[in-house]
Structure formats: C-alpha cells, structure tokens
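Asks: So TrEMBL lists the following for this protein:
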- 66-83: transmembrane segment (TRANSMEM)
- 89-112: transmembrane segment (TRANSMEM)
- 133-160: transmembrane segment (TRANSMEM)
- 166-187: transmembrane segment (TRANSMEM)
- 222-243: transmembrane segment (TRANSMEM)
- 249-271: transmembrane segment (TRANSMEM)
- 359-378: transmembrane segment (TRANSMEM)
- 409-428: transmembrane segment (TRANSMEM)
- 449-473: transmembrane segment (TRANSMEM)
- 485-506: transmembrane segment (TRANSMEM)
C-alpha cells in the first residue's frame, strides 16, 4: 500500500506538472504515458537482476533507495523558488521522475508481488496463492484510492498550513517518506521472510539459447526481430514525447513507433505460438496491449467540477475523480471472489477459467473505451457554464487548472467509465499474476510477472504514440477538438487484440477449464500442447 501511495502520488501529478513546466495538453499527456511505459519497461531489468544476481529482497532495497533519490530531485524541482527557473526545474524533474522514480517504482511493485508469492511453499494449495493475489490487488487499490482522495486537492489547493504553492512539494515529500518507510519495514522484518536465492544464468541461458537458435531457425529470428522492434519503438517514443511540441518532428517519429509496435506484436503472436523453436521455454499466451488504462483526466477537467452552484464554488480536482477506479476495485475484488465466481461455478458446472476471466475483462475494457468516447461527445455538445458578472456581461465559468470553460454536465456522470475500467482490471490482473507465477520455474517467477509489465509498457508506448498521432484533435480547449477519436481508436485496437487473443488461446487450449465430467480440472494448470518446459526446467511466460 505504501508503494502505491508513493507511486500514484507522483503519477497523478504528472499531467498538470508537465503543463506547469511548459508542455502542451497533448505533450503533457504523451509525457505521462512515456513515464508509464518507462516504469513498466524497467520491471524486466529489475526482475532480471533480482533473479540472477541480487535476489528479490536486495533488489527491493536497491530500487527503494534509488527511488528515494528520485523523490528528492522532484521535490527540489517543485519548490517555488526553483520553478522560477523553468529550465533548471525541467532538468531536475525529468531526471528525478524518469531515472529515479520511473526506473524503480513499478519494478518495486512487481518484485513485491513475486516476493510475496515466494512466501508460499510449493505444497501450498493453489487457492491460498490465488487468495494472496486478490488481497494484494485489494491493498493496492486501497493505496491508490487514498492517493486520489487526498493528493489532487493537496497539489492544487493546499491543505491546512500547506499553501497551494507548496502542494506539489508536499505530495513529493510524502512520497519520499513512504519510500523510506518501505526500506525501514524491509530491514526491520527481514528475518521473517523466505528469501529465494538468485539462480545465476537462468534467464540468461534462455536468452542465449534464443539468440543462438536465431542463427539457424526462422521462427527464432522473427521473435528476436519482434523484440528489437519493441525496444526501438520504446526508445523512439521517449524522443517523440520530448519533441511532441516541436512541430512535426515528434509527430512523424510517432508514426514509426506505431508501425514498429504493431509489426512486433504480429511477429510475437504468430511465431511464439509454437515454442518448439527453442529449448527451455514454455508456450506463450499472447500479447496484451494494455490500452484500457487510457487517461481521461483531460475530459473530466472540462466537466462541471464545482461543489455547489455558485460561479466561484470550490472545484474538485480532475485527478480526484479517478478515485472511483481503485475505489470500485476495493468492492469488486471481494464481490467477484465471494459472489460472482461462486455463482458462475454453480450454474456453469465449473469454476471460471483464467482465460474466460481475461476475455471478459477485455470485452469490458472495450466497452469502457467506447463509452468514454461517447461521453466526450455528450460533454462537448453540452452547453457551457456561464454567469453574469457585476457589469452585466456574460462570462464563462473556467476550471482552476487550465482555465478552460467547463461544460454543463456534472463530474459524477463520468463515474461509470471508471467502474468499467476497474472491473476489467480485476478480471485481467489477478488471473494474469496467477498464470505468471504458477506456470514457470521458481527462479523465473519475478521475471515472468515483469514480462507482463513489459508488455503493458509496450501498450503504454503505443498509447503515447496514439496520443501524438491524434494530437491535432486534442487542443487545450477540448471543445475545439475531437478527443473522442482517440478513445474510439483505442476501442478498435482492443477489439482486434481480443479477437486474436481468443484465436490464439483456443488454438493452444491454454488456461481453460473443461466442464466437470469431461476432463480433469487439473488440465488447466498444464502447459500448452507444444510446451517443452520439462526439457531444462526454465521458462518464459508472457502474461495474458
């Protein structure tokens, strides 16, 4: 929970703070998504180092220590006296947020999940481990919910003795304290943990085998090419984000990134279905483009954010509305575990499979993105809020952040889209962690979960590319644009992704449960038809 509070405390400030530093509406969205992509991409590096060299415990300490340095830098960058020098603040903030926090924060999150899973013995019932992942997600949602309930108001308005000018400073200071608290807790309780030692060359051997096989096997060549395209797109997207407000340069680079990501995804899905091209690797599940996490904070900031009806009524900060994503998750996790899944088992004659949960999550994510686009159309065609000033002239009621006119549609009408995204997250994330932990050898469990976050990173990279491509439809005042085009494009991509996911998974017959009486339920936990996991006892698993 501390990690989520600290990490999302920074995350929810990024869009607005990047605008404070001079980025446009489009550019600030792209920079935020680039941060998401970088932090998720860094998970694979953290997991690799943990599994092969340091072990998860030492890597958690190292990552937390480096993240604390990042918090110090962003805290300094947010000081009003430093903000007066915009270039200095930009340099300090970008170094701190990207190299300090971004490279370590989500890596800590991934390692905490796999480190928690290590505390279960191999003989532990699968239900116990599944329960742990549910509790982990619930605790994460609690931390995120507290963050969105408190920090946005603190950053914009200040609280109590903390003035508005020091709102960002206060949030980053709290994040620093929370990260230091993680270090203290880890050190003070280290004797209680089961610390699985690193297994040298486990992942390294697999990588070397794949590269060696690529010299002779066409399928292996295509997998390596797909990986190279992903990495190239990741690097180019960072460049495009920083150049997003400099004419067409960033825009053109984003086209190249988009082509690279789509090509790499096709290569991975097509050529990784049959892993017989390499020894020591399990079958792949497919690739998730994590696009359902599109940020609609920009839309919310042009709804009626007022608490009350007077023109100068207090306004709810746009990021605060995102509380309803993790807040819904707090209720949805026990609802699914205790009510919906048992009811499904009762009437379907079998428990819901991990495959079925993920497909349902994808469908709901598509609906969420499509509805967000429809909501933006409704908002844009709503009348603008106005009032008559002391001179008898009609004036627009502006939001507090970007000073754009607000539409006459209450902020709470956007809650359903957050609930839909939360539902999709619960359906996708818990079975994904479960698969990433149960289908690979112990030495690669951290890497398997991190690989899933790496795929999410590519999704965030693609989403950043989409934001840049649709930049001309996302002006500072959304009433002059067509922001809904972006969400309809995301929904379409998710639909295509889901279609191929279903085709690939049915072909591989993976993570499915037959009806009782047809086959043993245990078949769900077996490897796909072509799996050769037994050959060397090492494996690579990409999350669904």
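Cβ from N, Cα, C; glycine included.
Neighbours and distances for these, please.
Replies: Outside the transmembrane segment (133-160), and at least 6 residues removed from its termini, the chain residues within Cβ reach (under 8 Å) are 1-5, 8-9, 12-13, 16, 109, 112-113, 116-117, 166-168, 170-171, 174, 316-323, 325-327, 329-330, 333-334, 337, 400-401, 422, 425-426, 429-430, 433-434, 437.
Below 8 angstroms of C-beta separation, residues 2-3, 5-7, 9-10, 13, 17, 57, 60-61, 64-65, 67-68, 71-72, 74-75, 78-80, 108, 151, 154-159 of the same chain, each at least six residues beyond the ends of the transmembrane segment (166-187), sit close to that stretch.
Tertiary proximity for the transmembrane segment (409-428) is limited to same-chain residues at least six positions away from its ends with a CB under 8 Å from its CB atoms, namely 137, 141, 288, 292-293, 296, 299-300, 303-305, 316, 321-322, 324-329, 332-333, 336, 357-358, 360-362, 364-365, 367-368, 371-372, 375, 378-379, 382, 544.
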